[in-house]
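Student: Please see the structure below; I have some questions.
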Amino acid sequence: MNGRADFREPNAEVPRPIPHIGPDYIPTEEERRVFAECNDESFWFRSVPLAATSMLITQGLISKGILSSHPKYGSIPKLILACIMGYFAGKLSYVKTCQEKFKKLENSPLGEALRSGQARRSSPPGHYYQKSKYDSSVSGQSSFVTSPAADNIEMLPHYEPIPFSSSMNESAPTGITDHIVQGPDPNLEESPKRKNITYEELRNKNRESYEVSLTQKTDPSVRPMHERVPKKEVKVNKYGDTWDE
C-alpha cells in the first residue's frame, strides 16, 4: 500500500488537450485547400456584393446632395472608400462559415482546436473550475490514509482545559489573577455633606444683616470715631498758614 488513495468521479469525461497553434504552425494539405476555398468564396459571395452595394448607395447619396463630392476628383474618393469598407465587411462576415468548414475536418489540428474551444464555451459556467477544484481537494485529502505523522498526532495526550480559579487561595494559571472588586472609599463617606439652605432661611439671614446695618447708621453711639470727635477751630493768616490758639 503506497499511502495514496485514488478518488475519481465516475463516468467523468477527460477533456482533450487543445493543440498548440502558434505562428510557426504549418497547415496540412486539407487545411490549405480549405483556406483557398474560403478565400475564393468570401471574395465572390461576400466581398464583391457588399462592395458593389456600398458603392451604389454612396453614389445615390452623392447625386441626391446628401453627401458632398470632392471639388477636384468628384465622387471617386468616397466610392473607393465605400468599396474598401464593403470588401472587408464581406471577409469578416464569412469567418463563421470558414470556421465550420475547418471543424468538419477529421485529422486537422486547427479543426480540433476550434472544436475544443466551442466545447468549452458551450459548457455551463464553472464546470471546468469545479472539476479542477474537486480534483485538487481530493488529491490533497488522499495523503492522510497511512501517513505516520497522522498516527503520531493521534497518539499525543489530550489535555483538558484548566478551570479558572475564583479565589486567591486556589492555584491559578500563570499570568492570570482574580479581579478583586473594591468597595467605596470610606474616606469619601466620612466627608461632611454640605447642608442644603432653603430659600426661607436665606431670606431671614439677609433680613437680619440688613437690620444690623440700618441700626448702625441711625444710632449715634455706633457712629465711627472720626465722626464723633469735634473739629478744632484754627486760624488762617493771609498766607494760608494755620496755628492753634
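Cβ coordinates come from backbone N, Cα and C, glycine included.
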Student: Here are some residues: SER42, SER116, SER142, SER209. Which is flagged as phosphoserine in Swiss-Prot?
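Tutor: Swiss-Prot annotates phosphoserine at SER116; the rest carry no such entry.
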Student: Which Cβ among the modified residues (SER108, SER116) has the fewest C-beta neighbours inside 10 Å?
Tutor: SER116
Student: SER116 (phosphoserine) to SER108 (phosphoserine): how many Å between their Cα atoms?
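Tutor: On Cα coordinates alone, these residues lie 12 Å apart.
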Student: Give, as a single whole number between 0 and 100, the mean pLDDT over the domain 'OCIA' (1-112).
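Tutor: A mean pLDDT of 86 is what the predicted model shows over the domain 'OCIA' (1-112).
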